[in-house]
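Engineer: Got a structure for you, questions after.
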Amino acid sequence: MDFFSEYGDANRYKIQEVIGKGSYGVVCSAIDQHTGDKVAIKKIHNIFEHLSDAARILREIKLLRLLRHPDIVEIKHIMLPPSRRDFKDIYVVFELMDTDLHQVIKANDDLTKEHHQFFLYQMLRALKYIHTANVYHRDLKPKNILANANCKLKICDFGLARVAFNDTPTTVFWTDYVATRWYRAPELCGSFFTKYSPAIDIWSIGCIFAEILTGKPLFPGKNVVHQLDLMTDLLGTPSMDTVTRIRNEKARRYLSSMRKKQPVPFSERFPKADPAALKLLQRLLAFDPKDRPTAEEALADPYFKGLAKAEREPSCQPITKMEFEFERRKVTKEDVKELIFREILEYHPQLLKDYMNGTEKTNFLYPSALDNFRRQFANLEENGGKNGDAVPSDRKHVSLPRTTTVHSAPIPPKDHQNITSQVPQRIPGRTGRGACPVIPFENLSAMGPYNQRRVVRNPVLPPATTNLSAYAYHRKSDSSERELQQELEKDRMRYQPSEHFMDAKVVSHMSHDLRASSYYVSKAKSDVADRAALQSNMMQGIGPFNGIAAVGGNYNKVSTVQYGVSRMY
């Protein structure tokens, strides 16, 4: 039956090789055999061993669902666990990126001014979207910005991010703040509590941009004192008014007693950089956070003249408080497990529909395909990260579900209202495509009713995926098999996805017109000739940005960037 084959995604992906390992688990590259796309599958194991780790994972997958933007890494799918109550690992499918910005900087000592400009533009455009949602990343650094050889950047790793609400306390404790010191704003030096402010991310972007310009970190401090010394060596000693806003007493006392230092002209520190770039950099690295521009203000800087365009730099509506109610309450591991399961259902529309309607029976058949998928991961690790011989299946028909049924129970009732029973406004998960946009908002329709990247949140249920799978959802029904088939067919037709976007593939010897608006609407049944003409028009480069996407354009100063080892997601 189609219903039973809709959710078994383990057979959908063919594992290629290990591209990253860490304390959290393993990342493998894979092929989506339904679409042919290359993806990265992150296995996160024992996620409920520590409550803080589970909350971080929940925070990240929730934010990546809510923040759909071309310059933010996309979760394409999360595999359905074998049961609602007993799962310990999750498999998260990301779009595959070649490397990260740290490796790009390390492997390239000849990045051009066009590279510099385009890199900063993408980072600020993503930051504008993030900040207008009232989200602060708090851990921006080159390793947390994924990159492709065609110069496409995407921000990732939202595990330390926070959402600010109007009624949150003015001072927020950052006991988990462990971000790299080199990219930490001066007001955070030595502090584990501060006021939420988008200026902390702006400072980090300034440090990253300076590193792009020079090829090495700007403030590689060995400790807090050394970090402050490096900052003041370049920027000069801050005013007493600025010093009083430093929350750490030792840092404040040290800056107050510091000998007077004059700022170093940025033209001396960065002699080869574009003067317009240095003017903007100086604003990004203002010692006083109130003097730093917002991401939107930075995008309007003259440095981006001819490149920036307001219609392809969207804002995001603020995230609703209900989405992050778990951050404001004391929750148990079982609470977080239920919330993570709820997030996973965003990528399984039919199950989510039953869950939201209260008709979900919480009975899942354990598909043997997931066992086979786990063996593929284990086989890769045993073979040093390379795919050896195919792992044989235990049974001939591995796509068929096992006969055993795992029953799960709901979270026991508590004195307080269960936070998982509240239905927040949501952005549905996207089963997605694999092509990384090179021009702003490639493949994006501003009008599609089921477009999860719309600026305005869409409370309508997402279209059910048309991809086949072998996950089985066991549901009891008094109706006959024929009536059930008709009901399922009716549901599938109701949520049939429409084409609201158009592929714009990158081809050799062409680059994109970055000054053209990339918002466009394509009908579900567009004429083939019209589609081809539109694609051709959007892939024609116009100087001086011809070749800025680094896909072999005619602009001979821009080339495909080199990169080192692929990073972990």
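The backbone N, Cα and C atoms fix where each Cβ goes, and this holds for glycine too.
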Engineer: Just to be sure I read the record right: Ile19, Gly20, Lys21, Gly22, Ser23, Tyr24, Gly25, Val26, Val27 are listed as binding ATP in Swiss-Prot. Which of Lys38, Lys42 is listed for the same site?
Structural biologist: Lys42
Engineer: Applying a 10 Å Cβ distance cut-off over all chains shown, what neighbour count does Ile19 (ATP binding site) have?
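Structural biologist: Other Cβ atoms within 10 Å of Ile19 (ATP binding site): 22.
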Engineer: Based on Cα distances to Asp139 (active site, proton acceptor), point out the closest of the binding-site residues Ile19, Ser23, Gly25.
Structural biologist: Ser23
Engineer: What is the total of other Cβ atoms whose distance to the Cβ of Asp139 (active site, proton acceptor) is within 10 Å?
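Structural biologist: Asp139 (active site, proton acceptor): 20 neighbouring Cβ atoms within 10 Å.
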Engineer: Mind giving me a neighbour count for Val27 (ATP binding site)? Other Cβ atoms within 10 Å of its Cβ, every protein chain shown.
Structural biologist: 23
Engineer: I'd like the number of other C-beta atoms within 10 A of the C-beta of Ser23 (ATP binding site), please.
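Structural biologist: Here the count is 7.
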